[in-house]
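The block underneath contains the structure these notes are about, expressed in structure tokens.
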Amino acid sequence: MVCYHEPRIHDHELYFQLRNLNLLLLLPIALIGILCNACAMVSLYRPPKITSGVFVYLKALLLLDALMLTTTLAAEFFPQICDQHHAKNHTFYKPCMLERRFLKYTMPRVEITIHTLHVWTIATLSAHRYWKISRPMIARLQDTVSRARTMLIVMFCMVVIFRLPIFLLELEIRSYPQLRINKRIATTEILSTYRFVYHSILDPLFFNIVPFLWMCIFSLLTLYEIYKSRHNTYQHLAFDHPKQTNVTHPLAGCFPKKAELIRQKQELRATFSIVAIILLYLCFHSLKLFAVGRKWQLLVRRECPTRKDYYHSHLSDVLSMISASVNAFVFIAFTNRLKKYIRLLLRKTSRTLSNSSDPPMSPKTVTSYESGCNNHFNLNI
């Protein structure tokens with residue numbers, strides 16, 4: 001059974017509809033997401049800097065968000081731009097020839113690899129957050145930057161190994177008549193054994209279902225741990241005076257408790273931000289699970305996808321871009337800097353409104369007021 005169907009070749013109406021959707025939805029979402037991820041990265045690197053492994057995971061997630069948005073833009077818009085520049089007198093003819101020779105079939109596979117790295121980074125972050133909440137004493141000793149980097153490197157290597165077949169088995173390098181990267185018909189357009197096993201079983205399992213269940217389980221466990229320990233961790237820390245009688249200064253012992261409370265509040269804030277990122281990911285990627293179920297249904301019925309299936313697939317990609325863009329908003333929203341900025345903005349606004357509502361002062365009143373202030377200052381000195 002052959003169900004190879006490319007809208008650009010077989011359905012021009014569908015192709016132009018998808019192109020318009022890319023211009024109206026995908027392009028502004030991706031540009032806004034890249035800008036917000038850059039702002040979140042700047043906020044992450046500004047002091048006070050996180051010194052635990054959470055910093056490494058959040059930095060990797062923000063970088064992968066930006067890469068995911070960039071590669072999706074490249075994979076979607078490079079072919080659309082080059083479709084308009086196919087003659088030698090066109091402006092981008094030479095760059096588009098390079099795109100047709102080397103990036104036409106490579107860029108979508110790079111995109112899916114970065115998507116896989118992205119989803120498993122969030123899954124690893126959810127497991128790390130549960131470990132840090134459920135084992136706080138062990139996590140304080142073992143949650144280091146080097147340990148987090150090792151975990152991410154191992155995860156990245158496993159994802160790259162899993163995605164190697166789509167490069168080695170589905171692409172080939174041809175040198176005649178020109179050097180170019182082309183696709184293999186037997187592994188890309190025909191439902192062979194490799195395509196059935198890899199793209200119909202392994203890819204949906206390890207790209208959609210397993211990480212989806214992984215995030216659900218660890219998010220629920222994390223929320224349960226927070227609910228279970230809500231009376232044992234944060235309410236027992238106070239700024240009261242120590243009970244020892246041999247304390248020489250009335251403020252001795254308060255600052256360690258204050259530092260511990262600040263650290264625990266920072267951990268709780270990071271936990272809620274990470275759980276919010278995971279929940280938003282699950283919401284925005286639920287349509288991909290529907291697409292997986294629809295794909296398996298077509299295989300069982302031995303049918304080909306319809307135009308509605310292409311719309312569902314494209315909409316799931318748009319929701320994935322929204323998810324990658326929202327992560328930066330969630331990260332910025334749970335930081336102290338945003339709270340301080342909002343307070344400062346409200347304070348300045350209230351001062352501006354109060355100053356504008358006061359009646360103007362006469363020059364004599366202003367002079368007497370300033371002289372009174374100077375005399376008072378001299379007396380205090």
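Easy rule for this one: first residue shown is 1, then count along the chain.
Cβ coordinates come from backbone N, Cα and C, glycine included.
For reference, TrEMBL has these:
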type	residues	note
TRANSMEM	23-44	transmembrane segment
DOMAIN	36-331	domain 'G-protein coupled receptors family 1 profile'
TRANSMEM	56-75	transmembrane segment
TRANSMEM	151-169	transmembrane segment
TRANSMEM	205-227	transmembrane segment
TRANSMEM	270-291	transmembrane segment
TRANSMEM	318-338	transmembrane segment
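Averaged across the domain 'G-protein coupled receptors family 1 profile' (36-331), pLDDT for the predicted model comes to 81.
Same-chain residues lying 6+ beyond the ends of the transmembrane segment (56-75) with a Cβ under 8 Å from its Cβ atoms: 26-27, 30, 33-34, 37-38, 40-41, 44, 50, 103, 107-108, 110-111, 114-115, 117-118, 121-122, 124-125, 128, 145, 148-149, 152, 277, 317, 320-321, 324-325, 327-328, 331. Remote same-chain residues near the transmembrane segment (205-227) are listed as 112, 115-116, 119-120, 122-123, 126-127, 129-130, 133-134, 162, 268, 271, 275, 278-279, 281-282, 285, 288-289, 292 (criterion: CB distance under 8 Å, separation of at least six residues from the stretch ends).
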